[in-house]
């Protein structure tokens, strides 16, 4: 592509020349840097293959294998040229044709050989997490692996002073990690149903105690349904049945209270009426005594008047005289 771009301004415009240029397969040529660029950066292809943040001490059969690579660290080096990317990709495919099917051991060797391919590095990250978890329980197992020393060194200086916080600082587990490490990733967080069931399970004994009897009776149905969100159906039914029982009990108590109040009122009225009847009876007896007294008096007056009339019967003014 770079060759086509560089040849663009110098191409002739005749059809024969264009057909001659099109006969060439330019894609089979490797893209290389200019000699000036190579003179400015000698030995860069050897160090360009090394990924940022990695250490390498064992060379492989690379074009630069004649000069052993020393441990170097290049975290801030940036790849700004497209030609370097093409050159690295083609060079890695020539040296490692089975890059897509690497095992963790091959990934370790590829990492030591300074080949920046993302997929083998991901496999190596999973292998590194499993190995470091094994190293946490057994202090000296890393001598059995050829690249375990590099894998352990890549954890950084924070692995040794914070060894007791290993599980918090370890990389996220992958398919090669233990099931105990995969448990937090398989369950990222409780859903709404899990939260509701956990709330209901945590308050099984206190669901009915959450609301007092007065609150259940005085609360409206809409407000009660809003407070009962998150509880199970059985608990809601049981709480509503308790509310219905309390309302029926309250209604029965109010009816009983009304009946008692009415009974007391009737008893008071009865007592008052009885007292009035007694007063009336006393009045009747008093009137009867007065009547008897007046009757006796009238009889006495009548008897005394008849005697006076009998004494004067001989006179012409008496009534018997005219008869």
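Counting starts with 1 at the first residue shown.
Glycine too: its Cβ is placed from the backbone N, Cα and C atoms.
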* Asked: Which range, 90-111, 266-287, does Swiss-Prot list as region 'Leucine-zipper'?
  -> 266-287
* To do: Check each of the ranges 238-263, 290-315 against Swiss-Prot and return the one annotated as region 'Basic motif'.
  => 238-263
* Within the chain of residue 297 (SUMO cross-link), which residues six or more apart in sequence place their C-beta under 8 angstroms from its C-beta? -> none
* Asked: How do the residues of the region 'Leucine-zipper' (266-287) split into helix, strand and coil according to DSSP?
  -> 22 helix, 0 strand, 0 coil
* Structure fact -> In the region 'Leucine-zipper' (266-287), averaged pLDDT is 96
